[in-house]
Structures are given as structure tokens and as C-alpha cells.
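Going by TrEMBL, these are the annotated features:
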TRANSMEM  12-31  transmembrane segment
TRANSMEM  43-59  transmembrane segment
TRANSMEM  65-83  transmembrane segment
TRANSMEM  104-127  transmembrane segment
TRANSMEM  186-204  transmembrane segment
TRANSMEM  210-231  transmembrane segment
Amino acid sequence: MGTVLDSHFLALTAIVTVGYQLFFFIITALLKFDKVTDFAGSTNFIIIAVLTLVLKGTWHFRQVVLTLLVVIWGLRLAVFLLMRILNWGEDRRFDEMRGNLGKLAIFWIFQAVWVWTVSLPVTVVNASDGGPSLHAADIIGWIMWSVGISVEATADQQKLIFKNSPENRGKWCNVGLWKYTRHPNYFGEIFLWWGIFVASTPVLKGAEWLVILGPIFLTLLLLFVSGIPMLEESADKKFGNVAAYRVYKKTTSPLIPLPPVVYGRLPSWLRTTFLFEFPFYSRNLPQEGQNWYRTGMGEGNDGLKMG
């Protein structure tokens, strides 16, 4: 078992990830400085990708391309999230953790698991001895990554500009890509990592196909744990009594971009089954008639982003 782990860099990347996250956890715990959290997560992906590529030393085109894609994604996200938190102040995710070392430790453990698991496709590709020449899957995966990172970067920039505008203070973001999905940045994130997986498939054999757990884990994380549910809850509590927000939520897809005129007319069973409009996303939305009023736009939900 140890040989298998080492041959695929699984043990090495686990040790590196735990050590890297532990270093930043100690900084956060001792200095109560939590502004480096997202930076630690996204840069950890870069370290894993580059380290495995260099250690293997075969430098096959597929390995170089996938490593480069991860590096580009990680650098963009690390810089964006670091600048955002430095500009906007404290990270509200840690309001209940700063004085609770146990909760803080659980968060960092979870982040380490997230980094290691989602990195699995590129880790295994970089550990391979070569593999076949370029396949259609490579091109499809690279295209998916390109679309995903374009959507994610555009959505992040649109929301940043929106929130930095004084006239939008106290409003939710529904401009640009945010007109077509309530979480375009998460759609881009999920789509690009599925692209990384698709581009890794030409070299996968036997148990190596378990690297699909990477994009699956990320998708489940954003759909059910630290992504959409928390942001939906926050936005519903802020704007649930605002008529315009209720219309926005009713006619805007939670994840997959769709024109509001189309999404708003779809039956609820179709939205739930195929478009991820789960009922618990609205469990904090007040019932109509319970002190809800008509007004203008409201603020966009503030993104909780792990990576």
C-alpha cells in the first residue's frame, strides 16, 4: 500500500498539504489573523501541482498543461481573495471561530482535505509515466477549464465593482452574470475542475479513476456545505422581506446560468431535479405576507469561497 501511495504522490501531497495548512493555522490561532485563509488554500494547489510535476521530471505535454492551468487558477484566485479581504475587512466566516480553537482547527482540517482531494486529478497525471498522445478528452477538458475560469473571474470582478460602488451600498448584486445565476463564480469553479478531471482521463487506469472524487467533492461542498447554502441563508435573512429580491430569487437559477424569463417559468420539480434548486436553499426565506415589503434592489450575497 505504501508503494502505491508513493508512486502516485498521494502520501507526499498529503504530508505537504497538512504541513502547509498547519503553518497557516498556527498563524491564525496565535495572531487571530484570519485574512490569509483563502490565500493558504489556493496557493496550496499551486504547490502540489508544481511539486509533483518537478519531482516526476518527465515533463509530458499533458502534465505541463494541467499544471499550468492549476497555477493560473490558483494565482488569480489567491490574489483576488487576498485583495478582497484586505479591502473589505475581517472574514465573517470566522466570527464564531476566533475564540474557539476547536472550531478553528476543524475548519483548517477541512480545508486541507479539500485541497488534497480536489488536486487528485492533476496529482495522478503528474505521477504518470507518460500515457497516450493527445485525445479529444484533453481538448474538451481544456475548453471546459477556459470557460469555467472565464466565468469565475468575470463574476468576481463584476461583483467587486458592484460592491465598491457607493450607490450600490445595501443592495444585492444582480448585474452581468449575476442576472443569470445567483452564484456564477461557483458555477465557474465547479466547471473548471470538472474540466481538469476530463483532461486527466486519457491516462487513468483501474483505481486511478477514483480521482473523480476530486470534482465530486468540490461540487458537493459548494452545493451542500460551505458554498451556496450559507450564502443563500445570509441573503435571505438580509433581503427576504424585499419584494424585488424575492422575484430575483424566484426567477434566477442558483447555479447553472439561464435567462430569468426561461428559469422563472420552469416547474419546481424540474428546477430541483436538474438545476439544483433545493428547498433548503429557501428555508430562511420569510413566507409572503410576513412583513415583506416592496422596494428596490438589495446587496449581493457575500461570497464564502474555499479556493
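Just so it is clear, glycine is given a Cβ too, placed from its N, Cα and C backbone atoms.
Here the transmembrane segment (65-83) has long-range neighbours at 35-36, 38-39, 42-43, 45-46, 49-50, 52-53, 119, 121-122, 125-126, 138, 142, 145, 149, 152-153, 156, 160, 192, 196, 199-200, 305, 307, meaning same-chain residues at least 6 beyond its ends whose C-beta is under 8 angstroms from one of its own. Through the fold, the transmembrane segment (186-204) approaches residues 62, 65-66, 69-70, 73, 118, 121-122, 124-125, 128, 130-132, 134-135, 137-138, 140-155, 211-212, 214-215, 218-219, 222, 227-228, 255-257, 305, 307 of its own chain, all at least 6 residues removed from its boundaries and within a Cβ separation under 8 Å.
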